[in-house]
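Each remark here refers to the structure printed beneath this line.
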Amino acid sequence: MIKRIGVLTSGGDAPGMNAAIRGVVRTALSRNLEVFGIYDGYLGLYENRMILLDRYSVSDIINKGGTFLGSARFSNFFKKDIRSIAIKNMQQRNIDFLVVIGGDGSYVGAQKLTEMGFPCISIPGTIDNDVAGTDYTIGYFTALETVVEAIDRLRDTSSSHQRISIVEVMGRNCGDLTLSAAIAGGCEFIVLPEIEFTKEELVKEIKNGIKKGKKHAIVAITEYICNVEKLAKYIQRETCRETRATILGHIQRGGAPVVYDRILASRMGEYSVDILLQGFQGRCIGTINEKMVHHDISDALKNMKRPFKFDWLKTAKQLY
């Protein structure tokens, strides 16, 4: 019988993580469970840094960005002896179950713990929206608002100077954030990890835009595809138009979560407790067509793929 659970946030922070923690804690307390908050993700689990939470521990945090429990990247957690110490730390506090909030790297940690006999449930928290098994991840919509606001501001100055602006957006290997922001921000050109890209083809498209009378342009590009500073110099040389690159960076992770992220995080936090009390373990939470679902973590990591939104890309190209 489950009496105590732990909750942690891991990897890159995302707006709405606090709301998810709150959802876990208050749902668990309503089911007569005790909840330990674990500081700084898997690192804190290994270092035995935990605190017993009550309903007041999560008061007034639903509107706060970041994660009050802290987060960290801890690659040593992939070592079995490190995980054994983490499990021992939880067992010493009579913790029966662990809820992990984070991205696919955090999912791997939860999967490894479950395989070692310590049951876990994972909640998707990442602005990249790159986790399989869910339409949206916690933090994505807030980051999207941040990116679009930045694009709007860049457009003001780009139009004033008849400049080409390149804006680099987070997302790793997933272009969802870039694509959505490009549509909402009216970007003229989009470069995504899912679509083959050459700088020559991009310049050709930009020149075609100039021939049509475009005085300025915004190019939205997902991080890690290329060096955007070098790309800006290349475009400027080939088009004879002033070109500047802006890397939005970690500002995309900050700020108060928007309404949808607060609701999504609250629902996922509640649902995680619901399914662990039903006896499920080694599962990850998702939302499909606004309905809460759960999948096997291993299946989500190895077999499930996020479908690329080709219809959204078509929309974006039609509106260039």
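Every residue gets a Cβ built from N, Cα and C, even glycine.
Other C-beta atoms found within 10 angstroms of the C-beta of Asp128 (active site, proton acceptor) number 26, with every protein chain shown included. According to Swiss-Prot, the feature active site, proton acceptor maps to Asp128, an assignment based on sequence analysis.
Feature annotation from Swiss-Prot assigns ATP binding site to Gly12, Arg73, Phe74, Gly103, Asp104, Gly105, Ser106; the stated evidence is sequence analysis. Taking the Cβ of Phe74 (ATP binding site) as reference, residues of its chain lying under 8 Å away and at least six apart in sequence are, in sequence order, Ser10, Gly41, Tyr42, Leu43, Tyr46.
For 22-26, 55-60, Arg155, 186-188, Lys212, 214-216, the entry in Swiss-Prot reads ADP binding site, with the evidence type sequence analysis. Taken residue by residue with DSSP, Arg22 (ADP binding site) is part of a helix. The Cβ of Arg22 (ADP binding site) has Val58, Ile61, Ile62, Ala265, Ser266, Gly269 as same-chain neighbours under 8 Å, each 6 or more residues away in sequence.
Listed in sequence order, Thr126, Asp130, Val131, Ala132, Leu301 are the same-chain residues six or more apart from Asp104 (ATP binding site) with CB atoms under 8 A from its CB. Look at Swiss-Prot and you will find Asp104 tagged as Mg(2+) binding site.
All protein chains included, Thr126 (substrate binding site) registers 28 other Cβ atoms within 10 Å of its own Cβ. Positions annotated as substrate binding site by Swiss-Prot, on the basis of sequence analysis: Thr126, Ile127, Asp128, Arg163, Met170, Gly171, Arg172, Glu223, Arg244, His250, Ile251, Gln252, Arg253.
Under 8 Å, Cβ to Cβ, and six or more positions away along its own chain, Ser106 (ATP binding site) finds Ser10, Gly11, Gly41, Tyr42, Val100, Ser122, Gly125. Take the Cα of Gly103 (ATP binding site) and measure to each of the binding-site residues Tyr56, Lys212, Arg244, Ile251: the nearest one is Ile251. Rounded to a whole number, the C-alpha distance linking Lys212 (ADP binding site) with Arg244 (substrate binding site) is 21 angstrom. Summary: among the binding-site residues (Arg172, Lys212, Arg244), the fewest other C-beta atoms within 10 A of the C-beta are counted at Lys212.
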